[in-house]
């Protein structure tokens, strides 16, 4: 994919508007998880090093559009940036009609969702944003799947529209994993429902060598294979779909392995007793909360032999330690593998943190919905816009 890259541009003295994803959790005016800000820092620093006048914009939370609401202010993010950049960073509330900027100054625009027309990609708002800058930088992979004024419209009207280093790295890593992967390509897709990830499963079943399912998704495949699932979360109306996906995988010389042993409990709680069972021995009162050690070992061997691993979602209720062994085993197998590995999605990142393997994953994606849509084979609107502006 051909886009202009910020790293290749002369930004000296230029007004540079960077769209980052600084949508971080805030409690009592303090940022409680800074991962997204840390991921954005190298881009902001690079723009400063290149002599730019830097403007940064982002959304935070879901305020009522067009209304200022202090609860969703980017003020805590600006306080964080003051320390991280070791310089004064200004929060600008009224910026649509122009902003005065000194060389090497950093200004953060207040929450873009306070602007009427942000979500529906309003043309007038997009043109106002574009008029503020010489160069627009889209660096927020996490919102690249949304065509909004700050992620898409502005780029259509700015003099120059380019991809920031973070977005460029995401696209390169995903391209490496999906467009021309080292084989075997193994995808691990967890989560509670087949319905929410059906298009992902459908798309991946056509290109992967092994598609591993986990969580509630796996329960639907277990039921479709004719095994009892008791009171487990599963989707009876999608069992035919599960069988179709299995057949599609086999037709493409791939496989969707069904667990042979599972760990069950009789209630969803951190005090539930974990019992290991053969997949054929699940009773009517059981709930499947994890894969068993035999299944985990088989999957670990598949991962050990992989050339590329794509991981989206845990394989069990890993928040409760007694149901976390399957996800831990998968995480360890990926960490020990020589494969190129890419992981994304909130629960996946929480598992990576819990088992301390972040430095062993080749690339950790900052995007949730955008990561999934890329896996589905969809074109991301922001990326399409950047490609069109590079022509």
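For all residues, glycine too, the Cβ spot is worked out from N, Cα and C.
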Residue from 90, 146, 183 that Swiss-Prot also lists as binding substrate with 21, 22, 23, 36, 59, 60, 61, 62, 113: 146
Identity of the ATP-site residue among 170, 319 (reference: 197, 345, 346, 347, 348, source: Swiss-Prot): 319
Fewest other Cβ within 10 angstroms of its own Cβ, chosen from the binding-site residues 23, 348: 23
Binding-site residues compared (21, 319, 347) - the one with the fewest other Cβ atoms within 10 Å: 319
